[in-house]
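**Q** Handing you a structure now.
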């Protein structure tokens, strides 16, 4: 009706309320077709499989709750009504999942079942109620910022987190988490766990057009994955954070189609006045003693570099892991994407150009750090690799915070799992330092690897089997660094966090950080069509006296007794091995 105020989406008025023109709709059709060519939509069969998987998890959770309650001697009436519920959130609940997407899943239990009960009892209960061949990965990570079990079941990747509602003695299947009173009594970990489900519901209510939001979010998720800037564990925005950013652009252009949202996204996010937060609604003041994001009160909140604030109470920062290096990488990617998007709109490029694969291994860096997590058993490897992954950003932040001549330390968002077989302990040590001479195909791994039993030199064939997971950090050196770097202190701190963990077992686990040149990178980090860097041929130079020769970055060894800084600051043995040619 005339005279009524227009609805405002978000905390400010819209930039434009223009309807999409015919050209905009044509660009949107082209965008959707490009997404389809990139296998960005799940098949009906795949969707049905996901529904089946979630139904199975619901049955397992209800059985888990019953078992824990019985073990604690609770009354049968309490056990019968205890319940338990599985919530899906993230990309699946937002309707932007693809065949390769995981399902973010929250297990909600009544107060009788705590977090320790879940991590102690769920693995056994799940395995008993599931076919062994359907479980191809199962990795609990208790010590993560949000404790999680990562698994693959029936071909679907699952990220499973847990919360015990202290306000509830019963969790029925029709429970909704929209009621704030359900948050009473939760600790910080519980709040972080339950927040994702509440955020998903609020997010969908915050956008003017769900269809445009979904098209744009699919595009941004694909773009960020292709450009290797997706994943909170490594210091980039995760799926929810990217979705909130897209939702904010939708609010500023409430009638725009998906293609327009994508184009505006890169322009606005690239020029955003960070650390001004991206918010979908005004932050609700804290009640019930719950902490709400507030940089004026909390120093930790003030340190957030690119704050993306969740819309559900209590508001939190979804990008607390962003560091100077990852921020710099993202700003560079925003600039690149804006240039391409403008050319797409002008008809000079296609959407496929936007989604070109990154050049992390082929062009972006000359120097890398290879973080090799090695174990002597498959069971230990599954646990340890998750622990090391959760700590990689500690090393990146340590390098960022140190004035050691590194302009950008860029963590790669994927890891590489390998299996090796060798004959001697010396060869084992070489493997732990990144040597690839003893690599075997995954299908040639010992048949008992799946049981989790050790496969060491005690085997009848007298061979050692070593399982490794390698993470990579690309280094861009400062112009004035002269390649004189000492990263011993950040490395020692990184290793200290790992070795202090209850998960760490010195007998079966080790972690090494190795300097690696681009031409020494293993072949399996490159995909078909990529050109592997080659070692440059240098002209011979006159030899200098050993007393005056300077050592290059790749020759620096933090264990060197001549390294005064390492000697002064390190409290335990730690080192960065020199690179081993792959």
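Heads up, the Cβ atoms here are built off N, Cα and C, so glycines get one too.
The following feature annotations were taken from TrEMBL:
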- 89, 90, 91, 102, 103, 104, 159, 221, 230, 239, 240: ATP binding site (BINDING)
- 102, 104, 159: Mg(2+) 2 binding site (BINDING)
- 102, 104: Mg(2+) 1 binding site (BINDING)
- 538-550: compositional bias 'Basic residues' (COMPBIAS)
- 10-207: domain 'Poly(A) polymerase nucleotidyltransferase' (DOMAIN)
- 359-535: domain 'Poly(A) polymerase RNA-binding' (DOMAIN)
**Q** So which of the binding-site residues is most packed in, judged by how many other Cβ atoms lie within 10 Å of its Cβ, out of 89, 230?
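**A** When each Cβ's neighbours within 10 Å are tallied, 89 tops the list.
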**Q** Over all pairs in 89, 90, 91, 102, 103, 104, 159, 221, 230, 239, 240, the listed ATP binding residues, work out the largest Cα-Cα distance in Å.
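**A** Maximum Cα-Cα distance: 18 Å.
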**Q** Any same-chain residues 6+ apart from residue 102 (Mg(2+) 2 binding site) with CB under 8 Å of its CB? Would you list them in sequence order, or say none?
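**A** Spatial neighbours, sequence-distant, of residue 102 (Mg(2+) 2 binding site): 90, 91, 156, 157, 158, 159.
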**Q** How many neighbouring Cβ atoms, not counting its own, are there within 10 Å of the Cβ of residue 159 (ATP binding site)?
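**A** Excluding its own Cβ, residue 159 (ATP binding site) sees 18 Cβ atoms within 10 Å.
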**Q** Limited to the domain 'Poly(A) polymerase RNA-binding' (359-535), I'd like the whole-number average of pLDDT.
**A** 89
**Q** Which chain neighbours of the Mg(2+) 2 site, leaving out 102, 104, 159, have a Cβ atom within 8 Å of the mean position of the site's Cβ atoms?
**A** 90, 103, 105, 150, 157, 158, 160
**Q** Just how many other Cβ atoms lie inside 10 Å of the Cβ on residue 103 (ATP binding site)?
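**A** Its Cβ has 22 other Cβ atoms within 10 Å.
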**Q** Can you check which residues sit near residue 104 (Mg(2+) 2 binding site), meaning Cβ under 8 Å from its Cβ, same chain, 6 or more apart in sequence, and list them in order?
**A** 88, 89, 90, 91, 92, 93, 159, 161, 196, 239
**Q** Across all the protein chains here, work out how many other Cβ atoms are within 10 Å of the Cβ of residue 240 (ATP binding site).
**A** 23
